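Annotated in TrEMBL:
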- 423: active site (ACT_SITE)
- 422, 427, 480: Zn(2+) binding site (BINDING)
């Protein structure tokens with residue numbers, strides 16, 4: 001029996017993201033703009049396959065070839081004839097849908113590998129019986145042979161993403177360690193190069209370690225390109241090691257991204273959008289993060305567009321070192337009327353979200369220097385919120401029976417409040433103290449004191465140092481924790497709740513369920529902890545566990561957590577929250593903790609920040625709560641995360657049509673098969689070539 005955390009259940013939730021009405025209300029020009037941006041996002045999103053695991057792109061191509069020839073409905077008869085039961089065929093469809101939804105064979109939320117929940121010989125029989133195999137037996141046999149072992153393998157290192165012996169990552173070659181990642185970061189800082197769009201490959205040359213830093217770009221030549229005074233590429237000696245900076249990672253995909261962004265320019269609504277797209281295209285063509293920053297500046301200036309978008313190497317959650325960005329691109333439409341006061345937090349309906357997963361809200365760009373001095377944008381993804389967190393009472397774990405109806409009623413509205421505060425005022429606040437390359441400070445050294453010690457500030461960020469580069473492996477989760485604390489703290493203010501439309505008893509219920517959701521999420525977070533490596537696999541869930549620990553530590557009966565036996569006779573647990581103490585004990589605890597988090601972040605105190613955060617992140621058997629045993633209970637009762645089916649856009653004459661699909665594994669598969677049908681064979685050949693080039697770096 002395979003542990004259930006390594007496969008997706010047949011009854012996993014699959015929901016279609018509805019954007020029909022929002023898209024219908026667009027003008028033809030806006031629809032064209034959305035279409036070309038979507039094409040850019042979808043092609044760029046395929047880079048995530050290459051950013052996830054050595055085998056992901058091969059599995060993707062295998063599935064595309066099978067389903068291009070036969071729809072899931074047509075293939076079902078083949079599966080039956082090949083000896084698969086209905087449950088086994090459904091397991092195959094769920095696996096395929098999961099690979100598409102996560103853009104790889106590791107869960108985007110939790111970084112755990114998932115494998116097909118059917119015997120390998122049954123899947124092999126289905127592949128061999130497929131029309132794709134009948135048409136191209138040699139090619140399909142070779143493709144199956146090249147990925148089937150890794151497709152099913154659950155060796156310890158392959159069970160989760162990680163660096164070195166802790167897991168699999170394709171941001172680094174398989175022989176890289178944490179020390180290599182740290183050295184590479186120092187090198188990049190010395191060259192004022194961002195790690196966001198890079199990968200690192202290490203090789204031995206005459207007994208000496210040599211490193212290749214590869215930039216994502218359509219251009220593969222390393223000389224200066226248009227817009228550059230001098231090239232950042234070349235060979236350099238750094239700390240007695242050889243570093244080579246090269247262009248051309250994901251080149252065919254970046255070429256497609258740039259091509260479609262240039263197409264979209266003709267339909268831009270204003271000059272800011274046009275210049276934004278011009279800079280983005282330059283970034284993906286040449287591999288310049290500075291060009292992407294420039295595009296982001298124009299993006300910030302493009303206030304309240306009907307069609308909102310962002311694209312690039314954005315979030316660093318899945319880089320084990322915390323510096324490299326995973327590709328994502330989203331296109332969304334402002335459909336709901338904005339009911340928030342300024343500073344504005346816009347609610348949008350997603351048309352396209354390409355990448356490994358879809359969040360409920362976003363605060364971008366992630367460039368510290370731009371956020372500090374020029375601004376940022378926040379969006380809440382309304383059609384994601386409306387389906388992602390719908391909960392059935394019988395599936396609500398770890399709550400008292402009397403809390404469940406209230407939880408179901410207010411979970412959605414309370415989460416909307418939390419997302420708004422988390423993104424807008426959490427990620428959107430908190431100054432970093434910086435001394436630039438010219439020695440200038442962005443604060444008055446003679447007057448600023450550390451509120452935790454009362455003493456003058458003694459540390460800060462210097463030169464090209466950033467939050468991600470300094471705090472590296474804990475940066476993402478620490479920052480999510482800070483933003484979550486901001487949400488918990490500010491939701492206690494009546495005026496804030498009123499802005500979101502909640503008054504009186506309803507407002508109090510929203511506060512209660514928001515805090516109860518957080519402590520329950522902290523317990524659920526244990527699913528994403530790996531005892532063998534003592535590491536966390538999901539930044540947000542680690543953050544919520546840390547908050548649970550802080551609130552348990554506050555004492556005075558604020559939070560209760562007890563182990564018990566469930567009605568089914570199996571281990572269970574129950575978490576309780578004393579709502580009468582949220583505004584006193586709870587508020588004080590979050591206030592103190594949030595102050596510490598912000599001061600340590602602002603002053604670049606890595607040592608203090610790590611000590612604090614790692615301390616609360618510890619999962620042990622000791623103390624008042626046996627979290628290791630509770631983890632087993634959480635795993636026993638976990639519910640799989642939903643998958644989303646997204647629409648496609650197609651040009652028909654002078655107009656753009658929206659094609660939507662049913663909310664099922666089969667619908668999700670069909671959406672991906674049809675998404676890339678224009679140039680399917682070339683695209684699949686390009687992906688296999690990119691995969692083959694670097695495969696020896698891991699296998």
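Heads up, the Cβ atoms here are built off N, Cα and C, so glycines get one too.
The structure, with features from TrEMBL marked on it.
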residue: 422; record: Zn(2+) binding site; Cβ contacts under 8 Å, 6 or more apart: 361, 483, 484, 486, 487
residue: 427; record: Zn(2+) binding site; Cβ contacts under 8 Å, 6 or more apart: 363, 376, 378, 479, 483
residue: 480; record: Zn(2+) binding site; Cβ contacts under 8 Å, 6 or more apart: 539, 540, 542, 543
For Zn(2+), residues beyond 422, 427, 480 with C-beta within 8 angstroms of the site's Cβ centre include exactly 363, 423, 426, 479, 482, 483, 484, 486, 487
